[in-house]
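Asks: First the structure, which I've put down as structure tokens, then a few questions once you've had a look.
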Amino acid sequence: MLDLKRIRTNFDAVAAKLKTRGVSEDTLTTLKALDEQRRALLVQTEELKAQRNIASAAIAQAKRQKKDASQQIADMQQLAANIKAIDAKLADIDQEITSIITVLPNTPHDSVPIGADEEDNVEIRRWGKPRQFDFDIKAHWDLGEALDILDWERGAKVTGARFLFYKNLGARLERALYNFMLDEHLKEGYQEIIPPYMVNHDSMFGTGQYPKFKEDTFELDGTSFVLIPTAEVPLTNYYRGDIIDGKELPIYFTAMSPSFRSEAGSAGRDTRGLIRLHQFHKVEMVKFAKPETSYEELEKMTANAENILQKLELPYRVLALCTGDMGFSAAKTYDLEVWIPAQNTYREISSCSNTEDFQARRAQIRYRDEADGKVKLLHTLNGSGLAVGRTVAAILENYQNEDGSVTIPEVLRPYMGGLELIKPR
């Protein structure tokens, strides 16, 4: 959430930045007008309360002197009524301000490229060269079925579209991948967490999913719980409402969890395969950092995600997302896209973001600066390290062989009992 004081004092600069994210200046002008009304009413109510205190003292004195205080009592009753009326107006204005400011996206960092959509993202670098096949390649969903390791038909029967069963060596490959990913992150100083897979509405608000993106989630009827769309939500909210000792920062968390997404608005997109599912595993990275080091931490986090792809020897590229394509809470985002041969393109497999103090303000996550003892908002960062199902898809396609088998990446073999190939049964 943005700082209302910052909007008030730097209105033109904030408006210019939010315009690059699709926010109209009219919205901010309305917010500014409401803020001015609120501040004026606060002055009025303070003046009235001061008058009420004077009237109260006059009544007390009149009673001590056994004089008639009926006029002062009437005056105080009128003051109380006026204060109550202003408080009601303030409550309405506060609600209007909240309804606007909670759905405003974060302002982009100065280094973020300005653009409207994914076409304006900027490629930063590439790693690895896409393999040149000398045979007709198969898509990962066809490979998965032929190898008897992925079963979409029964997933659809048991649950519905965009669900599947991993089976046999498919289940083992998925498990090997997330164990490998977690082990790599632990080497980089992350603390492993197993979080709740359901959170409350306050947690969803804290990380920015609520109120704007409720339609993208699965809420449990009759409860206040929501299935997590990403482990970012419980990991970040771990410190919601807390004040952390500044000496402990930065703090790194990593977790493997299922992620649940309704995929509202994705009808007709990626209807086959592992790219877009309602339920999938993802290894998440979350950081809590001081403002002065958060962008250094973003580069490290992105490198942590790249490390996984490099050790799996999967070609990828890194993009700096433009203002129009970044997520709601992000101030800056790098996307990692892995090469998917059957689609002859790169597809997103990780997104690493610095939200600066946007989530910290919503969730009231603060730290006590050891230098001056002051309590300040920290910066939160999050990134995929990686989306496991999409990594399975990339391995099946990039490591496929002409005979229909799939070579297991060397770094995963210790996690699969030394197995080197997944062969057709």
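Positions of Cβ are set from backbone N, Cα and C atoms, glycine also.
From Swiss-Prot, for reference:
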- T230, A231, E232, E284, S384: L-serine binding site (BINDING)
- R261, S262, E263, E348, I349, S350, S351: ATP binding site (BINDING)
Asks: Count, for each of the binding-site residues T230, S262, S350, S351, the other C-beta atoms lying within 10 angstroms of its own C-beta, and report the residue with the smallest count.
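Replies: Fewest other Cβ atoms within 10 Å, among the binding-site residues T230, S262, S350, S351, is found for S262.
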Asks: Whose Cβ lies within 8 Å of the mean position of the Cβ atoms of T230, A231, E232, E284, S384, the L-serine site, other than those residues?
Replies: V233, L235, A255, S257, S259, K282, V283, M285, V286, N382, G383
Asks: When a 10 Å sphere is centred on the Cβ of S384 (L-serine binding site), how many other Cβ atoms does it contain?
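Replies: So the Cβ neighbour count for S384 (L-serine binding site) comes to 28.
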Asks: Would you mind pulling the longest C-alpha to C-alpha span across R261, S262, E263, E348, I349, S350, S351, which the record has binding ATP, in angstrom?
Replies: 19
Asks: Report, in whole Å, the straight Cα-to-Cα distance of A231 (L-serine binding site) from S262 (ATP binding site).
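Replies: Each residue's Cα considered, S262 (ATP binding site) and A231 (L-serine binding site) end up 16 Å apart.
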Asks: Want to know which binding-site residues, from T230, A231, E232, S384, are within 10 Å of S351 (ATP binding site) at Cα; which are they?
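Replies: Among T230, A231, E232, S384, the ones whose Cα sits within 10 Å of that of S351 (ATP binding site) are S384.
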Asks: What is the maximum Cα to Cα distance, in Å and rounded to a whole number, among the residues T230, A231, E232, E284, S384 annotated as binding L-serine?
Replies: 9
Asks: Sort out the sequence-distant neighbours of A231 (L-serine binding site) for me: same chain, 6+ apart, CB within less than 8 Å of its CB, listed by position.
Replies: I193, P195, A255, M256, S257, S259, K282, E284, V286
Asks: If I take the Cα of I349 (ATP binding site) as reference, which of the binding-site residues T230, E232, S384 has the closest Cα?
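Replies: When the Cα distances are compared, S384 comes out closest.
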Asks: List the residues of the same chain that sit at least 6 positions away from R261 (ATP binding site) in sequence and have their Cβ under 8 Å from its Cβ, in sequence order, or write 'none'.
Replies: D216, T217, F218, P229, L277, H278
